[in-house]
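As recorded in TrEMBL:
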- 7-23: transmembrane segment (TRANSMEM)
- 8-110: domain 'Prepilin type IV endopeptidase peptidase' (DOMAIN)
- 29-48: transmembrane segment (TRANSMEM)
- 55-74: transmembrane segment (TRANSMEM)
- 94-116: transmembrane segment (TRANSMEM)
- 148-168: transmembrane segment (TRANSMEM)
C-alpha cells in the first residue's frame, strides 16, 4: 500500500527527471527540500522510529552515491537526490532503487557504446594508456579525438523507481 510520502516521492522524481533532462542539473532547492520533507513526513508518521528509518535511508543513499560521485560515475545532484530518495524510502528500499538505477544505467551505457564510436575509442585509449603505464612501454593508441558521451542519470533513476516500487508492492 502506498503512503503519502510515496506519492510525494513520485512527484519529486518527475520534477527531477524533467529538470535534469532539460537543464542537465538537479537543483539544490529540490534535493534539500526533498530531504527535509522526507525526514519531516516520517517524523510525523512514525515519531522517533520514523525519523531513524528516514535518516538511515538518507545515509545509505547519499553515502553509497558519494562513492560513485568520487569515481565520477554520477553527478552531485544525483547524490543529493538519492539522499532524498533514501529519506523517503528507508535503508532497504533505497538500496533496491540504487541497484535498479545502476542496472538501467548500464543498459543505457551499452546502448550509447554501441551507437557512438567515440565512446568505444575512449575505452580503447584508456585501456592502452593503462597497459602503457603497467608495462612502461608505448604500445600506441587510436588517433581519434576523445569526446565523452554523457546522459542524465535520471534516465536510469525514473524506471528504477517504478520497477523497485513494483517489486516492493507486489
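A Cβ is built for glycine as well, from the same backbone N, Cα and C atoms used for every other residue.
Helix, strand and coil residue tallies for the domain 'Prepilin type IV endopeptidase peptidase' (8-110), in that order: 94 helix, 0 strand, 9 coil [DSSP]. Contact counts against the transmembrane segment (7-23), taken as Cβ pairs under 8 Å, peak for 148-168 among the stretches 29-48, 94-116, 148-168.
When pLDDT is averaged over the domain 'Prepilin type IV endopeptidase peptidase' (8-110), the result is 97.
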